[in-house]
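Novice: Annotation comment: Swiss-Prot describes D110 as active site, proton donor/acceptor, evidence class sequence analysis. Residues or ranges marked as Zn(2+) 1 binding site in Swiss-Prot (evidence: similarity to another entry): H106, H108. What Swiss-Prot lists as Zn(2+) 2 binding site is D110, H111.
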Amino acid sequence: MDQSSSGGSMGGRLPFNQSFWEEFLMGREGHLPALPEISHVSKSVVRILGGNPGSMHLQGTNTYLVGTGRSRILIDTAQGLPVWISRISSFLYTQKIELSYVLLTHWHGDHTGGVPDLISQNSSLSNRIYKNRPDSGQNPITHGQIFSVAGATVRAILTPGHSVDHMCFLLEEENALFTGDNVLGHGFSVAQDLGRYMDSLRDMASLGCRIGYPAHGAVIEKLPGKLEEYIQHREGRERMMLSALTRQRVQGEGVREGGVKCGLTLNEIVMVIYGRLPQEVIEKALAPSLLQVLWKLTEDRMVGFKPGDPLKRQWFALEQKKRNKVRGCPS
């Protein structure tokens, strides 16, 4: 949907506040299963941890060597810490492995940070780096593009949402999917664009892959179930918010000044769904994700809003007959 027609812009979508979540996520980190620094997760996939465990990275960024011969594919390069380049360089040397392709799932620094170290170790890799929407000197990846080495045929799958450039990679020999940050081994991921993210989750599910190799966390042994869990989780939140706004409209409690019929502010929606919470929790923790849901419902023509500050504007459920009209506060 054109942003100008919504009465707002992407600037109205509050950013995820990482620092606010640090204490909570650190507690979650303590309950994660330990993962080996280097492990053969299948006969053709070796996982090498990035050495960057933490609140936002779980046990660290997973990087993967794919293939069975001397020539391999590397998926992601972690954050750029010395421990990772030491681990992978040692493994490549002792196993007499060469890299034919370096595939990046997306632009975030905990996936691309190791690229300079790889190139400094082996300058010939400078023309073997592939990414959707590539940086200068990198090669583009297109949807459906095939990368092949002995024992591995890897197909690129465009899956935006977590980031605009996000790609997954399907390992055809195993019917397995490298899920990047779209689906994690533990917990749930975050999305930059919820609508596109939901479409990508459904696209991933339609592939029918049985195993997931996530960019963070343990191997996903039952990927179809995990994808369904992710989809149901997001759809459930949409239903809760739409239900709250629909009740407000049906009960006629949203009549404001001059008889103009509007809905609920974000704070009021939170009160209906979660009860009374500290304002700091609403603004820093809940607001970014809940506003994403409201924007998606707006783009789906289920919800409208009165323009204004994202935390103070009023959101309302659209009546069925108005869902095909331009959104704005109904009169």
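One is the number of the first residue shown, and numbering goes on along the chain from there.
Glycine is treated like the rest: Cβ placed from N, Cα and C.
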Novice: Counting only residues 6+ away in sequence within the same chain, which have a CB under 8 Å from the CB of H108 (Zn(2+) 1 binding site)?
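Specialist: In sequence order, S163, D181 meet the Cβ cut-off.
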Novice: Within 10 Å of its Cβ, which one of these binding-site residues (H106, H111) has the largest number of other Cβ atoms?
Specialist: H111
Novice: Which of the three DSSP states, helix, strand or coil, fits H106 (Zn(2+) 1 binding site)?
Specialist: coil
Novice: Sort out the sequence-distant neighbours of the residue listed as 'active site, proton donor/acceptor' for me: same chain, 6+ apart, CB within less than 8 Å of its CB, listed by position.
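Specialist: G50, N52, M56, H57, T61, A78, Q79 - these are the non-local Cβ neighbours of the residue listed as 'active site, proton donor/acceptor', listed in sequence order.
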